[in-house]
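Marked as active site, proton acceptor by TrEMBL: Glu104. The substrate binding site annotation in TrEMBL covers Thr27, Gly28, Ser29, Thr30, Asp82, Gly83, Ala84, Asp85, Lys95, Gly96, Gly97, Gly98, Lys122.
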Amino acid sequence: MTDDLKRQAAEAAIEFVEDGMKLGLGTGSTASWFVKLLGEKVRAGVNVVGVPTSEATAKLAQDEGIALTSLDEIDRLDLTVDGADEIGPDLALIKGGGGALLREKIVAAASARMLVIADAGKHVENLGAFPLPIEVVRFGKKASERAVAELISELGLSAELAWRIRGGELFATDEGHVIIDASFGLIPDPEALARGLSEIPGVVEHGLFLDLAETALIATPEGVKRLTRA
Ligand SMILES: O=C[C@H](O)[C@H](O)[C@H](O)COP(=O)(O)O
């Protein structure tokens with residue numbers, strides 16, 4: 001059921017693709033549907049070029065026969081289509097459940113437009129039930145963790161911090177960094193938290209995507225809802 005909804009959101013996003021576009025290609029199970037459907041469009045003759053937001057998406061796009069480039073080769077992307085872990089008020093997002101947040105944010109910021117696609121379960125009244133990914137460099141990672149904890153307490157919040165582990169090892173992002181997952185339950189002021197996290201030297205990026213998504217396509221059992229940021 002959820003997978004069906006993810007596919008429906010991706011199908012709706014395909015309608016935004018025009019011949020000649022430079023596209024940011026998101027990461028995750030929902031964005032993968034978009035990449036697969038884009039592959040069908042390419043095989044049907046539509047000419048696009050993509051910038052993938054992860055090694056996994058690069059591999060999938062290559063398998064689908066989608067031409068790829070990098071942000072070093074082009075000036076600007078027309079459109080980025082990506083999934084999210086949570087979509088809150090004003091299309092504020094939590095992303096990074098798959099660890100691709102850094103490249104995803106760079107690609108979204110280089111795009112004229114970011115379109116986020118999701119099943120209805122991701123649409124929330126307030127951000128924070130999904131643990132917020134915070135990407136830190138390996139050097140001094142314990143000091144970075146302490147700085148994150150201090151910031152959280154200065155902001156009057158509380159959160160459980162956990163290093164992301166996969167296969168018994170610290171999870172490594174495509175850029176070789178590690179991730180702290182911060183379980184807040186509720187993030188009452190995402191802007192203040194985002195600002196504070198960005199000021200910590202060892203924090204490379206965090207999963208709060210604020211003022212980036214312009215449109216959301218949310219697939220519900222009653223059809224795909226389109227939300228636009230005011
Ligand atoms: O790092 C991963 C990305 O931010 C994903 O877009 C996000 O986790 C949503 O993934 P999914 O569509 O698999 O739920």
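Numbering starts at 1 and runs along the chain as displayed.
Every residue gets a Cβ built from N, Cα and C, even glycine.
TrEMBL annotations: computationally assigned, not manually curated.
Just so it is clear, the model here is predicted, and its values are computed rather than measured.
Note: the Cα of Lys122 (substrate binding site) and the Cα of the residue listed as 'active site, proton acceptor' are spaced 18 Å from each other. Among the binding-site residues Thr27, Gly97, Lys122, residues whose Cβ is positioned under 6 Å from ligand 1 are identified as Thr27, Gly97.
Those same-chain residues not listed among Thr27, Gly28, Ser29, Thr30, Asp82, Gly83, Ala84, Asp85, Lys95, Gly96, Gly97, Gly98, Lys122 yet with C-beta within 8 angstroms of the centroid of the substrate site C-beta atoms are Gly26, Ala31, Ala100, Ala118. The full span of the recorded substrate binding residues, Thr27, Gly28, Ser29, Thr30, Asp82, Gly83, Ala84, Asp85, Lys95, Gly96, Gly97, Gly98, Lys122, taken as their largest Cα to Cα distance, is 15 Å. Cβ packing within 10 Å was compared across the binding-site residues Lys95, Lys122, and the lowest neighbour count falls to Lys122.
Within the same chain, residues at least 6 positions away in sequence whose Cβ sits under 8 Å from that of Gly97 (substrate binding site) are Gly28, Asp85, Phe130, Pro133, Gly207. Non-local neighbourhood of the residue listed as 'active site, proton acceptor': Gly26, Thr27, Thr53, Ser54, Asp82, Lys95, Gly96, Phe209, each in the same chain, at least six residues away, with C-beta under 8 Å from its C-beta. Note on the binding-site residues Thr27, Ser29: the fewest other CB atoms within 10 A surround the CB of Ser29. Mapped onto three states, the DSSP output places Asp82 (substrate binding site) in strand. Under a cutoff of 8 A between CB atoms, and with a sequence separation of 6+ in the same chain, the neighbours of Ala84 (substrate binding site) are Leu93, Ile94, Lys95, Val116, Ala118, Lys122, Phe209, Ala213, Ala216.
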